[in-house]
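Q: Structure provided below as structure tokens; questions to follow.
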């Protein structure tokens with residue numbers, strides 16, 4: 001192998017090692033980009049509350065009738081009440 005081929009191979013190998021893991025676009029993407037605000041509480045099977053350093057409070061709900069996951073607006077009144085009750089329960093225990 002000549003020196004140019006070896007140098008090129010080393011550079012390519014180095015760039016592969018640096019690109020391991022998730023692409024930058026996936027690392028910083030928040031799970032919720034759109035929020036639903038008019039979903040009745042009775043249509044929700046369960047909620048997941050997500051909070052990451054890169055994203056604001058994210059609330060993901062699974063719907064009863066079709067199992068679809070949607071993101072709920074955390075500013076919705078019934079969600080704020082739900083979160084307040086959940087936090088109060090956690091503080092008491």
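Even glycines carry a Cβ here, placed using N, Cα and C.
Taken from Swiss-Prot, the feature signal peptide applies to 1-21. If you look up Swiss-Prot, you'll see 29-33 marked as region 'Receptor and heparin binding'. Positions annotated as disulfide bond by Swiss-Prot, on the basis of similarity to another entry: 30-55, 32-71. The feature heparin binding site is assigned by Swiss-Prot to 41, 42, 43, 44, 45, 46, 47, 48, 49, 50, 51, 62, 69, 85, with similarity to another entry given as support. What Swiss-Prot lists as site 'Important for integrin interaction and activation' is 45, 48, 64, and the listing cites similarity to another entry. The feature site 'Important for dimer formation' is assigned by Swiss-Prot to 46, with similarity to another entry given as support. Summarising the annotation, Swiss-Prot assigns region 'Receptor binding' to 60-64.
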Q: I'd like the Cβ neighbour count for residue 43 (heparin binding site), meaning other Cβ atoms within 10 Å of its Cβ, all protein chains included.
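A: Its Cβ shell of radius 10 Å holds 12 other Cβ atoms.
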Q: Within 10 Å of its Cβ, which one of these binding-site residues (51, 69) has the largest number of other Cβ atoms?
A: 69
Q: Are there residues of the same chain, six or more positions away from residue 46 (site 'Important for dimer formation'), whose CB falls under 8 angstroms from its CB, and which are they?
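A: The list for residue 46 (site 'Important for dimer formation') reads 61, 62, given in order along the sequence.
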Q: Cα-Cα, whole number of Å: residue 51 (heparin binding site) versus residue 30 (disulfide bond)?
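A: Rounded to a whole number, the Cα-Cα distance is 10 Å.
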Q: Whole-number Å distance between the CA of residue 49 (heparin binding site) and the CA of residue 55 (disulfide bond)?
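A: On Cα coordinates alone, these residues lie 12 Å apart.
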Q: By a Cβ-Cβ criterion of under 8 Å, what residues six or more beyond either terminus of the region 'Receptor binding' (60-64) are in contact with it?
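A: Answer is 31-32, 39, 42-48, 50, 70-72.
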Q: Given the recorded positions 32, 41, 71, tell me which ones have a C-alpha lying within 10 Å of the C-alpha of residue 55 (disulfide bond).
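A: Those close enough are 32.
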Q: With an 8 Å cut-off on Cβ-Cβ distance and a minimum sequence separation of at least 6, pull the same-chain contacts of residue 71 (disulfide bond), or say none.
A: 31, 32, 33, 34, 35, 36, 58, 59, 60, 61
Q: Counting each residue once, how many in the region 'Receptor and heparin binding' (29-33) are helix, strand and coil under DSSP?
A: 0 helix, 0 strand, 5 coil
Q: Return the residues near residue 64 (site 'Important for integrin interaction and activation') by Cβ distance under 8 Å, restricted to its own chain and a separation of at least 6 in sequence.
A: 42, 43, 44, 45
Q: Near the Cβ of residue 47 (heparin binding site), how many other Cβ atoms are there if near means within 10 Å?
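A: Residue 47 (heparin binding site) is surrounded by 15 other Cβ atoms within 10 Å.
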